[in-house]
């Protein structure tokens, strides 16, 4: 079975920095440490309210990341313009609400088809690979195909938040089915949201998955074990699931 890649989301390094309005800890430094520890890519979410990652971070990270930069962003003219100026390797289009603590669900691609298709086309024409962050739903996968996006990222939050083993298994089966369906259509499949050291293995074991994007649990463990070890330990969990 092929190995699975780890994209490390470093948003919450910026959250910690912004809590005191200081210049540290710097997400640029975090990206370097994460890459040395085995991260296959670095993910950042430039939110419209700039609550963690800011424009300066995006600009410098694009110049310094040694692996691949994945820029998460809302489908707005401002964000598309920033992406076209920055030219990260990947853009993941996500839904965004100012009042949410974190992204609460997948993008309604089917309900915003023309808007998302237009953004996808602009980014693709600039040589940027586009992923759409969606729930594990066939209608949304079909809409992704219609948009021309080569990647989806399946939302694993419902799986991560399930309160019983039965509910978690049901969510895992939905994700597995969606991954198989998307893969069959020629779409590459990533996944992420709410994944931890305790729940990542069943997701990582799904053979169609190309990459997992994980942030909060890694940054949280880094507070106790250091970022290098936190990233390396997550990579071990994921690769063990593929053996």
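Keep in mind that glycine also has a Cβ here, set from the backbone N, Cα and C atoms.
Look at Swiss-Prot and you will find 9, 20, 194, 215, 216 tagged as 3-amino-2-oxopropyl phosphate binding site. Packing around residue 20 (3-amino-2-oxopropyl phosphate binding site) is summarised by its Cβ count: 8 other Cβ atoms lie within 10 angstroms of its Cβ, all protein chains included.
The local packing around residue 47 (1-deoxy-D-xylulose 5-phosphate binding site), expressed as other Cβ atoms within 10 Å of its Cβ over all shown chains, amounts to 20. Secondary structure at residue 47 (1-deoxy-D-xylulose 5-phosphate binding site), taken from DSSP and collapsed to helix, strand or coil, is coil. Per Swiss-Prot, the feature 1-deoxy-D-xylulose 5-phosphate binding site maps to 11, 12, 47, 52, 102.
Taken from Swiss-Prot, the feature active site, proton acceptor covers 45 (among others).
For residue 72 (active site, proton acceptor), applying a Cβ distance below 8 Å and a minimum sequence separation of six or more within one chain yields 43, 44, 45, 46, 91, 92, 94, 133. Taken from Swiss-Prot, the feature active site, proton acceptor covers 72 (among others), and the record attributes it to sequence analysis.
Neighbour list (residue 153 (site 'Transition state stabilizer'), Cβ cut-off 8 Å, at least 6 residues apart, same chain): 92, 131, 132, 133, 134, 189, 190, 191, 192, 213. The site 'Transition state stabilizer' feature in Swiss-Prot is assigned to 153.
DSSP assigns residue 193 (active site, proton donor) to coil in the three-state reduction, outside any helix or strand. Neighbours of residue 193 (active site, proton donor), defined as other CB atoms within 10 A of its CB across all chains, total 26. Look at Swiss-Prot and you will find 193 tagged as active site, proton donor.
Between the farthest pair of Cα atoms in the 3-amino-2-oxopropyl phosphate binding residues (9, 20, 194, 215, 216), the distance is 25 Å. A C-beta separation below 8 Å, combined with a sequence spacing of at least six in one chain, links residue 215 (3-amino-2-oxopropyl phosphate binding site) to 8, 9, 10, 11, 12, 43. Candidates 20, 47, 52, 216 (binding-site residues) were compared with residue 193 (active site, proton donor); those inside 10 Å Cα-Cα are 216.
Distance noted between the C-alpha atoms of residue 47 (1-deoxy-D-xylulose 5-phosphate binding site) and residue 216 (3-amino-2-oxopropyl phosphate binding site) is 16 Å.
Cα to Cα, residue 216 (3-amino-2-oxopropyl phosphate binding site) and residue 52 (1-deoxy-D-xylulose 5-phosphate binding site) are separated by 13 Å.
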